[in-house]
Amino acid sequence: MTISQHRFRSNANASIISMLQRFSDILIIFLGIYFSCFINDYFFNLHYVLMALVALVVFQMIGGITDFYRSWRGVEFSVELILILKNWSLSFLLTLGFVTLFSDFDLTFRTFIFWYLAVCAGFVVTRPLIRALAGFFRRIGYNKRRVAFAGSLPAGISLLETFRKQPWLGFEVKGIYEDSFSGTYDLELYAGKISDLINEARKGTIDRIYIAMHMRDEVAIKNMVSQLTDTTCSVLYIPDVFTFNILQSRTEEINGVPVVPLFDSPLNGINMVFKRLEDIIVSSLILILISPILLVIATAVKTTSKGPVIFRQVRYGMDGKPIKVWKFRSMTVMENDDKVIQATKNDIRVTKVGKFLRSTSLDELPQFFNVLFGQMSVVGPRPHAVSHNEQYRSLIQGYMLRHKVKPGITGLAQINGWRGETDTLEKMEKRIEYDLLYIRGWSIWLDLKIIFLTVFKGFINKSAY
């Protein structure tokens, strides 16, 4: 097979996979509404076809914005599935709003929910099947990419090992090329010098080259890239940014200029919309459910000690902006935010009712109003006293990065036991470690998991005084 034939076959198969994805998505959306009408005894007519068309147009538009129909080769299935479910959820909500405002369709809410869930189920079933089909063709030689690595940065070695351990991805690793063996990987992976790599690329025996070299090797990188312009290889650069404790590993393009965020919030674009919807829905439902409890607690606080029912504390919110956080008053003496003394075991300032509220986290229930008003999130790093921020930002590297998202009522640190008094630097460091881990790995599913586990792990804690 000639070089051109190989490249044509690879690209053709990639296009076929993309077409399969689009066709299956169209089919699922239409079959979903048909199934929903059938289950709920509605006659399927042109009106519902038009509704499905609206949903499909919106879904395709959002897919274009989120670049959903790109190649998912090498990306975990969970990432692909989460994005398609996000796209469909937003498309469904927009379609529902459009239908409610501009039409008189008589579909019940139950029918709409059936449609939404049926399409979700369809995506969950078909996406793995398409992946499995693509993996099968790659195993037998179709849609494969012959890849090589220039340099041996740890990030490059990690990517290489992923390709070797997961052959269904369709990457055939030729080896690592560098002018001298660095000794950071198995000798069998060493394929030659950079000049050998360039020669192989010119012969057409390599489809893709990953440059995994230090930024200090700028001259060598430029020289190599210049010579690779005389080939038809795809050349990709693995940024040497993983030496930083980065929050987000993604790339952006601004007016044609590629940028790599080092410290940025994961809540951009559609993620921000979904996070806010999550907060509004969850906080509203919880406030409705706990309204009798709020009334009982407010009465107990008011009748057992002098002072207001609600205690408002100044805390740092998203981007370090001050917010006022609501809590049920649990002390006889108010804290001064300029000089905060943390509550300790047997603290005489804590009332009898307050002791129970603090040990069960019930004193924090009014913060769901903060969530509803947009100052906080249900899930996020817990807000610290202003004086603590000023103290620990100089002691713990990356402390202020926790303010790249809204503070939360519960968080990853809390369900892992890092809640209550932080009387040592080590305890605070551990809490910050979990806060940053949450920001790096944020997803709607992680939020839901934390909310679920909070019910069992996050409320009762002996270290909360």
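Using the three backbone atoms N, Cα and C, a Cβ is placed for every residue, glycine included.
With a threshold of 8 Å between CB atoms, the same-chain residues lying at least 6 positions outside the transmembrane segment (23-43) that come near it are 49, 51-52, 55-56, 59, 84, 107-108, 110-112, 114-116, 118-119, 122-123, 126, 130. The annotation transmembrane segment is assigned in Swiss-Prot to 23-43 (among others) on the grounds of sequence analysis.
Within the chain, the transmembrane segment (46-66) has long-range Cβ neighbours (under 8 A, six or more residues past its boundaries) at 25-26, 29-30, 32-34, 37, 83, 86-88, 90-92, 94-95, 98-99, 103, 105, 107, 269-270. Marked as transmembrane segment by Swiss-Prot: 46-66 (among others).
For 82-102 (among others), the entry in Swiss-Prot reads transmembrane segment. Same-chain residues lying 6 or more positions outside the transmembrane segment (82-102) and placing a CB less than 8 Å from one of its CB atoms are 25, 51, 54-55, 58-59, 62-63, 66, 68, 112, 115-116, 119-120, 123, 127, 270, 273-274, 277, 443-445.
Away from its own ends, the transmembrane segment (105-125) comes close to residues 24-25, 28-29, 31-33, 35-37, 39-40, 42, 47-48, 51, 81, 84-85, 88-89, 92, 96, 99 of its chain (Cβ-Cβ under 8 Å, at least six residues beyond either end). Among the features that Swiss-Prot reports, transmembrane segment is placed at 105-125 (among others), with the record citing sequence analysis.
Same-chain residues lying 6 or more positions outside the transmembrane segment (280-300) and placing a CB less than 8 Å from one of its CB atoms are 309, 328, 353, 357, 362, 365-366, 368-369, 371-372, 378, 451. Annotation comment: Swiss-Prot describes 280-300 (among others) as transmembrane segment, evidence class sequence analysis.
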